[in-house]
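Got a structure for you, written out below as structure tokens; questions coming shortly.
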């Protein structure tokens, strides 16, 4: 005999709060795997949980099956479904009227993430159950059995729950930060993230297998890495590095991920134009945090791009000092990727490679035929275990490749003149837990430069990729004993000259006559020369065992990074700073209380001796503003200030960040930000936002 089900209560607000998904929504059921949630049934008549039938079914994806883990049938009486992966029991402690029952339902800690249908049958003869609606299931860093379990609550708050963060840019000598709005809890972002999974090529090719594989954070992070770039799979962002951004916006335009993901969905999955490494990484961070995988954005300064997998970066210079680009290898001023936290039982039966994994969505090299990278265990990179998946050799080279310099002569011959074993992989940085401080995590990736341990690990890695060691170690010079170094005497500031000195030292017992060519080139941040700035050829006599200093000056007109080289060779990148000449301020005014009226104030002062035209300011901040706000001004006169006030009503409590951008005909994408802590509204029934 069956029972008619009356009202069903999914307790969305209560469940979502317990599962820490209420920041996404309290109007739909969003829970985390491995953790129980409540459902209350009202029946038309009494219900005996020990004898009466209540059969529940959850299904996800096309062709759901219990064998693939995408379907489970379970229910009451409790002992009837012992083999079911999903479990249910009567909730203890609830006092309900006759005919009502509250159940604790628990998914397995390795269930596929995504959208599930939930249905119920109360009769064994019924062919189809009654639909109870949908639920979303996410990864659970709070569950010890989940592969993404993160032990420390403070870290879970930072790497899963924090909606704003910092991305580090610049160069190893001049590190700057920019505020970024991840916005993973905006109510439409979770659906966009699931859409991203649904249109990935693996899902389109074999959807049943793909939905089943979503139980595995290794698989999911690799799919997301491929889908953030649009190179071969209709992903989110199109990259561009040549400075031409027709049909889109400069990568420096973006302040956060939400606008990027919304644009991708709005325009039917066509790629958003344009992104570079920090945009790719920050958008991926949003997607992984939304799905429940702990992650953080990481910046590697002096980051190598090793195209031929030999763990060396080959630089070619002609005998007149200008670099001919004969190798696709390069060293970027900085490169940004993501670290995701998960176990790696696929690599070791113990926990040897568990923890942070480098995952990189920037389309640099193909991995198994697709533009993606990782997850590569950071512990494997540290130990030089480059024979492990995924893409460990590539990431190892990014942080620890040797840089080999070749002299190219007029007849086409070349000579190895120097091997730099130190400069690649500097000041690897990420935001600190609970503050805006920068944390240097270089020691996670490699042993200290100059130590025997670092060289031993490097040599071991070279052997594992079958590269002869004599091609990757040591210093090679026809006449050893002369060293060179370029030193900055003044801080590089946009619009001002830079004073440098070239320091020569000789340990030779003979007098040396050197022909020195100093060459200055404008560089893109990925190590590609964009234009010639100046060149200077001088002859210098260096006495035995003595030093000499040569002074020179560079005329600098903009904030483009520059490369300074000298043959007999020394090379350095200089990042130019505009912050010393621009006054820019973002501030929040008002009582910092959820659902209360506040004001964002942005002030920009024109530092030039001429007017600025077509000025506009953008302000964004998840939990503070539901969409990006803009204010425009056709002309800002010399020395005048533009002051903009934008009203807003914060709708989520906790630490938040206002991010403002300024653009005009002379300046592009000048950023400012401020932190705001929003106290929760304490009323039992909050007003509508």
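Backbone N, Cα and C atoms are what each Cβ position is placed from, and that goes for glycine too.
Just lifted these from TrEMBL, have a look:
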- 269-363: domain 'Transglutaminase-like' (DOMAIN)
- 277: active site (ACT_SITE)
- 335: active site (ACT_SITE)
- 360: active site (ACT_SITE)
- 400, 402, 449, 454: Ca(2+) binding site (BINDING)
Around residue 277 (active site), how many other CB atoms lie within 10 A of its CB?
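I get 27 for this one.
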Check the recorded positions 360, 402, 454 for other C-beta atoms within 10 angstroms of each C-beta and report the one with the most.
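By the 10 Å Cβ neighbour count, 360 comes out on top.
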Within 10 Å of the Cβ of residue 400 (Ca(2+) binding site), how many other Cβ atoms are there?
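Taking every protein chain into account, the count is 24.
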Given the recorded positions 335, 449, which one's Cβ is surrounded by the fewest other Cβ atoms within 10 Å?
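Among the recorded positions 335, 449, the lowest count of other Cβ atoms within 10 Å belongs to 449.
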Looking at the active-site residues 277, 335, 360, which has the shortest Cα distance to residue 454 (Ca(2+) binding site)?
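Ranked by Cα distance from residue 454 (Ca(2+) binding site), first place goes to 335.
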Round to a whole number and give the Cα-to-Cα distance in Å for the pair residue 400 (Ca(2+) binding site) and residue 360 (active site).
17
Looking only at the domain 'Transglutaminase-like' (269-363), report the model's average pLDDT.
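Summarising the domain 'Transglutaminase-like' (269-363) by its mean pLDDT gives 91.
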What is the interatomic distance between the Cα atoms of residue 449 (Ca(2+) binding site) and residue 335 (active site), given in whole Å?
20
Beyond the listed site residues 400, 402, 449, 454, identify every same-chain residue whose Cβ lies within 8 Å of the center of their Cβ atoms for the Ca(2+) site.
401, 421, 422, 424, 425, 446, 455, 458
What does the structure give for the C-alpha distance between residue 277 (active site) and residue 335 (active site)? Integer Å is fine.
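Per the Cα atoms, residue 277 (active site) and residue 335 (active site) stand 6 Å apart.
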Pop the Cα-Cα gap between residue 402 (Ca(2+) binding site) and residue 335 (active site) into the table, whole Å please.
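Cα to Cα, residue 335 (active site) and residue 402 (Ca(2+) binding site) are separated by 17 Å.
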Residue counts in helix (H, G, I), strand (E, B) and coil for the domain 'Transglutaminase-like' (269-363), per DSSP?
15 helix, 40 strand, 40 coil
Give me the CA-CA distance between residue 402 (Ca(2+) binding site) and residue 360 (active site), in Å, as a whole number.
21
